[in-house]
């Protein structure tokens, strides 16, 4: 597939997926998010990890507040995204969700004084998507923030997605980063060679 074709196909697919997300049953979303929370918190990488990176869910996305609060309650280091410039973000440590303020694109972020957590120190990165496939193809939002950041993450990279918006026909470009796990409410797919994995799910 030509690179330009993949880029255009992604634009079309993003529009389709956004419409699908708008049509999801709210009760389904609530239950799916609860089940995804359970899947994540039962991962060995989560249990053993000392430093967790997790996106802050916005409207239409998976509610990650329970994951963040749970990790903080266990005394783990928790870092969330902080956009620094177009296409560039880093991970900033927080003590509470109350540390967050509205930032880029209306996303809740820590302030500029929050300490950084280097990508090489992340044990588990929990990554968003508009959609993904069970083979690990991830459709992001088009800004490239996560692909640039994940390039430097050495820990486990897990994308979480509700099953009803997963797709198999996601185009891939050269800069798209691989993930180690795909997690939905029904299943976990192991894709990478990292040592810390959940006992269970499909390989």
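The backbone N, Cα and C atoms fix where each Cβ goes, glycine too.
Residues or ranges marked as ATP binding site by TrEMBL: 10, 11, 12, 13, 14, 138, 139, 140, 141, 142, 143, 144, 145, 146.
For 56, 61, the entry in TrEMBL reads substrate binding site. Secondary structure from DSSP puts residue 56 (substrate binding site) in coil.
In the three-state DSSP reading, residue 14 (ATP binding site) counts as helix. Between residue 141 (ATP binding site) and residue 61 (substrate binding site), the C-alpha separation comes to 12 Å. The most densely surrounded of the binding-site residues 141, 145 is 145 (count of other Cβ atoms within 10 A of its Cβ).
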